[in-house]
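Listed in TrEMBL for this protein:
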type     : residues  : note
DOMAIN   : A:237-468 : domain 'ABC transmembrane type-1'
TRANSMEM : A:41-65   : transmembrane segment
TRANSMEM : A:135-153 : transmembrane segment
TRANSMEM : A:173-194 : transmembrane segment
TRANSMEM : A:230-260 : transmembrane segment
TRANSMEM : A:280-301 : transmembrane segment
TRANSMEM : A:331-351 : transmembrane segment
TRANSMEM : A:380-397 : transmembrane segment
TRANSMEM : A:448-472 : transmembrane segment
Amino acid sequence: MLTWLSLLFLALFALAAFLLGRGRALKAAGGASVRLHSLPNYYGAYAALWAGAPAALLLLLGAVFGGRIEEAVLQAERPAAIASLTPDRQDVFFSDARAIAAKESPSEVVYEGALKTALDAKVAESAKITATVRYSTIALAALVALIGALLALPRVGLEFRARNRVEGWINGLLIACSVAAVLTTLGIVLSLVWESWRFFQSVNPLAFLFGTEWSPQIAMRADQVASSGAFGAVPLFAGTFLIMLIAMLVAAPVGLYSAIYLSEYADRRVRSVVKPLLEVLAGVPTVVYGFFAALTVGPLFRAFFNAIGEGMAGGPLDGIAQYLMQVQNQMALVAGVVMGIMLIPFVSSLSDDIINAVPQSLRDGSYAMGATKSETVKKVILPAALPGIMAAMLLAVSRAVGETMIVTMAAGLQAKLTANPLDTVTTVTVQIVTLLTGDQEFDSPKTLSAFGLGLTLFVVTLALNIIALRIVQKYREQYD
Amino acid sequence: MTDAAINAGAAPREQGPRPQLSAAEARLKKRYRSEMWFKAQGIAAIVVAMIFLVVLVGRIVAQGYTTFETHSISVPVYLNPDRIDRTALDGVNYDYIVAEAVMKKLNIQDDDLGTTSGKVMDLVSRDLGFQLLDKIKADPSVIGKTIEVTGPVKADADLYFKGEIKRSTAEEDRKLDNQQLAWLDQLEKDGTVKGGFNVGFFTKSDSTEPEQAGVLGAVVGSALMLVITALIAVPVGVLAAVYLEEFAPKNRWTDVIEVNINNLAAVPSIVYGLLGLALFINWLHVPRSSPLVGGLVLALMALPTVIIATRSALKAVPPSIREAALGVGASRAQTVFHHVLPLAMPGVMTGAILSLAHALGETAPLLMIGMVSFVPGVPEGFTGASTVLPVQVFIWENASERAFHERTAAAILVLLVFMIVMNAAAVILRRRFERRW
């Protein structure tokens, strides 16, 4: 609230600076703006930028990092009363102190005796610190705004190149915006690497990458089942790979054939109907596919396999029949097939672009030799487009590996090392979701292992994308 | 195939008067057959894709449309002063008072154990009880009078009216026994229970009771989140694209940015969720499960797509525009911001809307930042706890009650309608303002 109010005041101040700067420039020109180097508004904008921008940046930084500064100051001096608490409880103590000071709801921990006294002291201190940090930020911002305006306004004159200065500001803003994308990558890499590093301090990276047992629940009691705290991710990689493979078996032929038909055979009318419909399929949110997989495809497949099992029961393949009769809704096949449906438009539109990029002269040459359309496609177009199609498939694989909602809703949670598509498997993304939703203590290896999985996922998809982009780039050079 | 053709041509000496031609004809026939076959495969692929689309949408509509109809019950309730303790209004068993009123309608008596009233309570939503409480709180003088309340029936009763729970099912496999079904029939016959459009689904938020659950909270949450996403991703993305396309020198540094953006566009969305968790929640202490943190995460996710769309829109503006502006003395910045960008604006907006529509349907990263929690009200603001439509779908899909399944499908329909509206807006924008140079 206070920040918004000060931003409002700052905006008014910048407006005043704008009017002053503009007025000053016009006055210097004696009312004939032609004599000025730049248009009068640029002088105003110059003054307003110096008056407003640095101070606004300061307020913004204060709003973002103020909380952290307050926390650090508050925790700088730790009362003796809490020394006996575990680090976790100490953190709760401080967050409670801050919550009470901010009149928010604290945790349900009850403080008594010396702790209560210490808490009350910290609450008072926290309120004081918050006030100090807030008001000093605002005071500093006001000072910066004033200095900015005072520095900028006197410079406004006939020969002053205001437009160039303002454009310098604009250039800076543009660069800052394009660096934002780089900062995002940096943020992803740093946060994943940092948290994974903490994870790998308690779990050996080799045991993580090559271990074959995954059960991240760490036992609270000695007699708990399936809670050994093993972090071998191979079953997850295998499950991810299995589902990806099924998905590609559906998506690759259907997507590729429809792309070929659309670009080589279909007339404009068919194209104008089918392409938007495929785009609809591409625009459906993945959670919808997940719902479809869990409540339609899953029960359907289960009923299908159970029926086959019943039909075969008692026959020579009774073992298989018994197995089929017990197939559950959650199986790799369901998640894989639905994911394949999701990827069809992706494969199709990428392949379509690539096939269309094959020069018409190649087709004409082939037709002139008497080849039929299918011969042209098989012998001329596909070989020419092959690198691009490979790249498209790699991108689809990368999508399949990183896809989360379908597998979360339809694949299952049991980490099994199996190649049976009727079995329930789990994937990297499912485990990340499971580990990070619900109650979490942030420093346990269980939670941190999600970041280890995330880092693996990021590296794999990044590698797939880079290879795909490389292939596409190389391929483009042949015709351009 | 070519080898086969040569072999077929090499052997035919003693095959009749015009061996060459018939061999060629056979070959041609074979080639045409393979042509037909190939074409059929292509058509089959398209048909398969279309069937998937139809089945997907059809199933969701079939599962969800029943939600939009619901049954409500209106009963005159006598607010018995003996039962209502004026000093502790919140502690009164209003559900029982409602059940009494329904039993009176049905002309039945409660037994000593309260089995009958318990069974009746299973038919009527607790919403009516809450309505009584609200009415008494608003005006305590209604105690002792008879007032009419209208509210939904319980989800199971609703399913019975809609034919989802059938009499033909064995009694012990149903949630409602024969007696309850008979009561429901009686109530429907005398007009106490009426079917109608389910307004509550659009005016209520999440609830643990299916008949009281609605999508309003999720819709508001989605809207707040998209506002944040749009306010960050669109300006930053457009300006970044303007820099890269119009100002940036061609050097290694800009190459790095470019490769980076292309790679970011393909990073799995769940990784953005991990980033949001580590950066915004654990480091910057942005409130968990708030539209603010969700919007920030989705903004980072939408940024590369906005940049890529804007760049292609800028590329489509012909260089002659720039040259003309520069020729009459405009500076580079003036050229771009007065001429090129306005001309590219339809394309930019189309790209921006499409990436926002994509962000609207995104679920996975939001699970990471705590949006799965149960939020019963409409979100209070950008920093309050909230849920969003796709996550609501996920939460309801996990619920065990059967009535939630139809609501899940209905929530998906609402989500799809929003996405269709956004996509249609993008298409119209493109059609209406697109210029061919």
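Backbone N, Cα and C define each Cβ position, glycine as well.
Among the listed stretches A:41-65, A:135-153, A:173-194, A:230-260, A:448-472, the one sharing the most Cβ pairs under 8 Å with the transmembrane segment (A:380-397) is A:448-472. Sequence-distant contacts of the transmembrane segment (A:331-351) (same chain, six or more residues past either end, CB-CB distance under 8 Å): 239, 242-252, 254-256, 258-260, 262, 278-279, 281-282, 284, 286, 289-290, 292-293, 297-298, 301-302, 385, 388-389, 391-393, 395-396, 399-400, 403, 406-407, 410-412, 420-425.
The recorded stretches the transmembrane segment (A:448-472) and the transmembrane segment (A:135-153) do not share 3+ CB pairs below 8 A when only pairs 6 or more apart in sequence are counted, and are therefore not in contact. Below 8 angstroms of C-beta separation, residues 327, 329-331, 333-335, 337-339, 341-342, 344-346, 349, 403-406, 408-410 of the same chain, each at least six residues beyond the ends of the transmembrane segment (A:280-301), sit close to that stretch.
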